[in-house]
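Asks: As annotated in TrEMBL:
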{"type": "COILED", "residues": "A:11-38", "note": "coiled coil"}
{"type": "REPEAT", "residues": "A:58-99", "note": "repeat 'WD'"}
{"type": "REPEAT", "residues": "A:146-187", "note": "repeat 'WD'"}
{"type": "REPEAT", "residues": "A:188-231", "note": "repeat 'WD'"}
{"type": "REPEAT", "residues": "A:232-273", "note": "repeat 'WD'"}
{"type": "REPEAT", "residues": "A:318-350", "note": "repeat 'WD'"}
């Protein structure tokens, strides 16, 4: 019984320390909060007119499109769908170059490797599988299972090279895998609910990534140590999407709470919230233009909203999809935007 | 159950301790640098400023010869 009492005391002591640390952290942040974003943004010219038009419609999936990624060649797109297929598109011609059928439906995640010669995908199979792309062979022939989670794979990305793949999962963890050996290189524990989205810091030498989770939190991780180095709270529901600002000093997020937000890493706080009274549906996907001035966000109300990140105003609305916008990516050179939807299509805007 | 609560609490405290040690900057400084980054890259941002000519847009309509 004594043991139980001391455990309770132990918990209380830890809870008190946590409380005082939180107060100290808030104080520290408050001290540095010497300006508002709107004051800074007043120095900028307003955005005159966004002339982004629908340019291509990619048709071929039989069910909801769940994820997509641009090839480094700025021309090809990989997409994955609830129909169990992964398709490689030539976005210029809208031709399908490869269509791979996975063993399970709901292929939730897909990503291009930096070489453009390899793609990774996963979903309800709890796995991450890589496929080398070659025009001669059947792509499935050379597939390789690299990692396995204890729940679904929700997102994946290649950090810096084709040799490693980083995954996020419904089992609340992220994991770094060696592609060649399938070995688990690092495990990232900290979230208390499904990880929905990850993104790598833009610097080539960067060893950090960001994750967003159904626990409403956003974490910044050190890939080498496996430790969470920074966390951001603020969202009131699932964080569905996270993307680094091209400067590497901030992250943009989209959430089921119908807001998108911007968190500054160095000031260690939320600096902007992108919201309107008329927007009541969740944001599933976010990305930033290459200067970081524009934030694109895909919502459950079928629209893509374009936000001025600094003035926090909506500057354009892209209509076209006939169901939820589930994924969205700015091309590597910033000239085009791809969107994917539950309406089974992908669209390219430029 | 008790053990997992202790462990969760301990992890939370360790996380907060780590976060308490990170170096922070004034918001004015970090916002100014973000502003500078945006200004520096605005002209390359085709989704923001458009293309200097439609010919440089890789996704332009191929048969758009009719200029009215």
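Residue numbers in this text run from 1 along the chain shown.
Placed from the backbone N, Cα and C atoms, the Cβ positions cover glycine too.
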Asks: Other than its close neighbours in sequence, what residues sit by the repeat 'WD' (A:58-99), given a CB gap under 8 Å and a spacing of at least six beyond its ends?
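Replies: Hits for the repeat 'WD' (A:58-99): 105-112, 114-116, 119, 121, 123, 131, 133, 135, 139, 155, 323-324, 326-327, 329, 331-333, 335-336, 338, 340-342, 344-348.
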Asks: Against which stretches of its own chain does the coiled coil (A:11-38) lie, if we need a Cβ under 8 Å and a gap of at least six residues from its ends?
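Replies: For the coiled coil (A:11-38), the sequence-distant neighbours (Cβ-Cβ under 8 Å, at least 6 residues beyond its ends) are 267-269, 271-272, 310-312.
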Asks: Which residues of the same chain, at least 6 past either end of the repeat 'WD' (A:318-350), have a Cβ under 8 Å from a Cβ in it?
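Replies: Distant Cβ neighbours of the repeat 'WD' (A:318-350) are 52-59, 61-70, 72, 74, 77, 79, 81, 89, 91, 284-291, 296-300, 302-306.
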Asks: Over the repeat 'WD' (A:232-273), what is the model's average pLDDT?
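Replies: Here the mean pLDDT over the repeat 'WD' (A:232-273) amounts to 97.
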Asks: Work out, from DSSP, the number of helix, strand and coil residues along the repeat 'WD' (A:188-231).
Replies: 0 helix, 22 strand, 22 coil
